[in-house]
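Residues or ranges marked as disulfide bond by TrEMBL: A:66-A:81, A:102-A:132. Taken from TrEMBL, the feature domain 'Subtilisin inhibitor' covers A:39-130. Under the heading signal peptide, TrEMBL lists A:1-28.
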């Protein structure tokens, strides 16, 4: 009898130890997502033809997330994240590569970036005089 | 000889038919990405504590893409896309579920949505009086 009681007590304590934390977290709130170790980074990049974003319809839009791992519908999320980290999230710091020759044809394309980069809100817009000029900036971030 | 000539002509035409479009698309520009069959949809959703988005720092940010398939860092992209399609991309049309009881405590949370939904630019912001109230709207879209 004493052994049975001891076993029952042990089982009870084990059940509390195992299930307690689960119940606790389930009751902690409707927000089940744990606080992230990383400042959030989640971006949407769009491409449109025209002068200003508000006057144009985006022809392409991709998502890019860089933490904890590179992901998104961006065709080369890994390189895009490396490039973005390289300029500290400052899109204006992306410079044109040397040796790229483009015509002066004016057929403007607009790239917009919205969302969050390392916890800071981003709302960026940049107009390039044509696709070739856009392609000359950076290597992969704007190549979507 | 006439047969050989006919074969040569046929092969030539086939080669043109097969390779022509490939060469054409390769030469079409530096943008190698093909035009999508779908209007682009790519969103970033953020969550912050406070009254207005501009005055707050997002504590969470997730990406959500719904075409051609549901993807993103949203914890339940599939359900979120179903929900968003159900209201035709109109975030204001998401209503509070019946039977959810919340306190009147004022501890505001802000949800923002930026990006593109089926080819249209989205810039949305909504303040809920507390987390519980936020959780009562829709089922999965704002649950990140």
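Heads up, the Cβ atoms here are built off N, Cα and C, so glycines get one too.
In this entry, A:132 stand out among the disulfide-bonded residues A:66, A:81, A:132 as having a C-beta under 8 A from a C-beta of chain B. When secondary structure is read from DSSP and collapsed to three states, residue A:102 (disulfide bond) falls in the coil class. Least packed by the Cβ count within 10 Å, out of the disulfide-bonded residues A:81, A:132, is A:132. Each residue in the domain 'Subtilisin inhibitor' (A:39-130) gets a DSSP state, and the totals come to 16 helix, 34 strand, 42 coil.
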